[in-house]
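Visitor: Structure incoming, see below.
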Amino acid sequence: MVGSSDGDQSDDSSHFERGVDHIYEAFICPLTKEVMHDPVTLENGRTFEREAIEKWFKECRDSGRPPSCPLTSQELTSTDVSASIALRNTIEEWRSRNDAAKLDIARQSLFLGNAETDILQALMHVRQICRTIRSNRHGVRNSQLIHMIIDMLKSTSHRVRYKALQTLQVVVEGDDESKAIVAEGDTVRTLVKFLSHEPSKGREAAVSLLFELSKSEALCEKIGSIHGALILLVGLTSSNSENVSIVEKADRTLENMERSEEIVRQMASYGRLQPLLGKLLEGSPETKLSMASFLGELPLNNDVKVLVAQTVGSSLVDLMRSGDMPQREAALKALNKISSFEGSAKVLISKGILPPLIKDLFYVGPNNLPIRLKEVSATILANIVNIGYDFDKATLVSENRVENLLHLISNTGPAIQCKLLEVLVGLTSCPKTVPKVVYAIKTSGAIISLVQFIEVRENDDLRLASIKLLHNLSPFMSEELAKALCGTAGQLGSLVAIISEKTPITEEQAAAAGLLAELPDRDLGLTQEMLEVGAFEKIISKVFGIRQGDIKGMRFVNPFLEGLVRILARITFVFNKEARAINFCREHDVASLFLHLLQSNGQDNIQMVSAMALENLSLESIKLTRMPDPPPVNYCGSIFSCVRKPHVVNGLCKIHQGICSLRETFCLVEGGAVEKLVALLDHENVKVVEAALAALSSLLEDGLDVEKGVKILDEADGIRHILNVLRENRTERLTRRAVWMVERILRIEDIAREVAEEQSLSAALVDAFQNADFRTRQIAENALKHIDKIPNFSSIFPNIA
């Protein structure tokens, strides 16, 4: 017909075709210029297409004109029309003859070897016939023309394939029998292939035909069974195609196919999840069970987990509460899947998951969950508590709940034990909940049983969870943990073995190192136990390996290294009671290592611990310094010894007046550590400054030549920095240490005179004199005397015997 969407020619062109009857003028409507379908006659005998003349009469009424004949302009007394039945029958007979002729022409033309123009014209005739009179589709089916059109999909011409697709769509519209014929063989597979291999117009025609076929429920299964069909259709709906029609038709095709639960599951696998969620919300109990079960097996990205939790979270929680065990199992597995992301876990909490979850976990009695499902419940609970949620007001951290958790850990198998330990890991990671967990563990004495998990070898996840939990507990239960580790054979050695494993750095190694690092550093028994198991040799080997780049594992390297350094530093706290500690530090040049670690920029704790260790090492220097042997005295020398000049020994330590080295006597001066420690006095972390200041103060201790110590500090520009620390008054502890050092520095008269007029220094000392603790006030008073801010009464009033 004229004006069709694919550019088909009108019927009046068909008279050029062989075997096609001429169009008689009486068949043509004067208004539409087309062959009439429903001719009617006016009172003046003129004949028009019914729809066209009715439209004409309406225009007359709307414009206020009397009805008239559009051909003669003659006014009519009535708008009544009479059907021209004889003419209509004649036209139908004529059309039937022509349609039969055109179909015959089409059958002769639809061969791949024919000219493209003949094929295109034949396809056009078929479309015209189907659009003109729907009953003629029966003729198309009987002529087996559909199969001939399908063959045109094999053409090498894009245009022929495109027109063949359009023709098939017209043929099957509203005709299930034609759809069934088209779906025979590999036609649907070909259409699916066209979705990705054809140009845009061809893809649009292919998806439009698939949409028509999908209106038949029987063919939905056929389409869904074609490999790649669903994933391509889903891909088209989510594409940014400029052809909106392709996206729309693909979407509507998938909507038609949602009647099949199997196809819905496949769609979900390819990312189209809403149909599955819809059935989970509104389906029958059997359907809900099926959808929930599949959801529990489906890989989901984090954004989708949030969507699922928001959409069906409440429904899944309701299923979990039901008395039907298969439904509870399906719901638990789905909730386990979507609770593993922080965003979705928070949504589930808002949907009320905690009360039934806790009930399922702890309940014993009728309809009790089997152990395998309790494991799933424990996993969900572990997922939820490890997102950092504020459980302060939740019943989960009540004393009774924590005790139940500890009891359950002691009375279940490894799988559930692991998940319950992960629950406690999450609770002890939260500042608000950790005190309650610590209290419950202390009062129940559970630390002994928790420590035993360190030795588990057949379940890596269980061991990791236990070590992470103990690491979280260690700042609050360090003494109890140290006692437990020393009191039971094997656990300490197991921790050391984990730390020393020759693998890329793991989370377990970092947690184990962090756990040992938190234990009391002055616990002699623990340090001796570590010496017995060779822990320090293994620790220092790991530290060297990390610094030299031999040990990999970027994710956990910083916490692991920090833990190792803190463990290693503990050996410097037992010099007075354990001779092996001195020997170890000498043999492994520990002082040099800590000196290098001072420069670990960005790792404040490592710098702080290294400075603390250097302080401890430096305090031993005076005991370890070797005095030079006196020169041999001969007979003449003994006679004239009273007039002989004193023997001068070169190379002696400036501060210890003996033979020193960093390795053998831990001397900060000989090791060049003073400048590096002074540099840390400008650190923004006050704890690093405190540790560096304490290490430097070891050069001014009683028993040393304070004047020489001050000179060494001055040469390293340390005095200026120490005075600045006092002026800044950042913390009470730092001020106390700075006042002690400044008082000793001001004993040197030249320095005292130089800084006496500095108002800021005087003000800082006065503030300490007035507000500090008793001991610091006394020291500040002495410092103020050195700069004549307080009179020295002992020099005014001589002692009276």
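All positions are counted from 1 along the displayed chain.
Placement of Cβ uses the backbone N, Cα and C atoms for every residue, glycine included.
What Swiss-Prot lists as domain 'U-box' is 22-101. Taken from Swiss-Prot, the feature repeat 'ARM 1' covers 134-173. As annotated by Swiss-Prot, repeat 'ARM 2' applies to 176-215. What Swiss-Prot records for 218-259 is repeat 'ARM 3'. Look at Swiss-Prot and you will find 261-300 tagged as repeat 'ARM 4'. Taken from Swiss-Prot, the feature repeat 'ARM 5' applies to 301-340. Feature annotation from Swiss-Prot assigns repeat 'ARM 6' to 342-386. Marked as repeat 'ARM 7' by Swiss-Prot: 390-429. According to Swiss-Prot, the feature repeat 'ARM 8' maps to 435-475. According to Swiss-Prot, the feature repeat 'ARM 9' maps to 480-521.
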Visitor: Averaged over the repeat 'ARM 1' (134-173), what pLDDT does the prediction give?
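Guide: Averaging the confidence scores along the repeat 'ARM 1' (134-173) gives 83.
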Visitor: Where else in the chain does the repeat 'ARM 3' (218-259) make close Cβ contacts, counting only residues six or more beyond its ends and a cut-off under 8 Å?
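Guide: Sequence-remote neighbours of the repeat 'ARM 3' (218-259) are 179-180, 183, 188-189, 192, 195-196, 200, 203-204, 207-208, 210-211, 266-267, 270-272, 275.
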Visitor: Using a Cβ cut-off under 8 Å, which residues of the same chain at least 6 positions beyond either end of the repeat 'ARM 6' (342-386) come close to it?
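Guide: For the repeat 'ARM 6' (342-386), the list is 302, 305-306, 308-310, 313-314, 317, 320-321, 323, 325, 328-329, 332-333, 335-336, 394-396, 401, 404, 408, 412-413, 415-416, 419-420, 422-423, 425-427, 429.
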Visitor: Using DSSP, how many residues of the repeat 'ARM 2' (176-215) fall into helix, strand and coil, respectively?
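Guide: Residue counts in helix, strand and coil order: 33 helix, 0 strand, 7 coil.
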Visitor: With helix taken as DSSP H, G or I, strand as E or B and everything else coil, how many residues of the repeat 'ARM 6' (342-386) land in each class?
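Guide: The composition, in the requested order, is 33 helix, 0 strand, 12 coil.
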Visitor: As a quick check of your reading of DSSP, tell me how many residues in the repeat 'ARM 9' (480-521) are helical, how many are strand and how many are coil.
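Guide: DSSP composition of the repeat 'ARM 9' (480-521): 29 helix, 0 strand, 13 coil.
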Visitor: Work out, from DSSP, the number of helix, strand and coil residues along the repeat 'ARM 5' (301-340).
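Guide: Secondary-structure breakdown of the repeat 'ARM 5' (301-340): 34 helix, 0 strand, 6 coil.
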Visitor: Is it possible to list how many residues within the repeat 'ARM 3' (218-259) are helical, extended or coil according to DSSP?
Guide: 31 helix, 0 strand, 11 coil
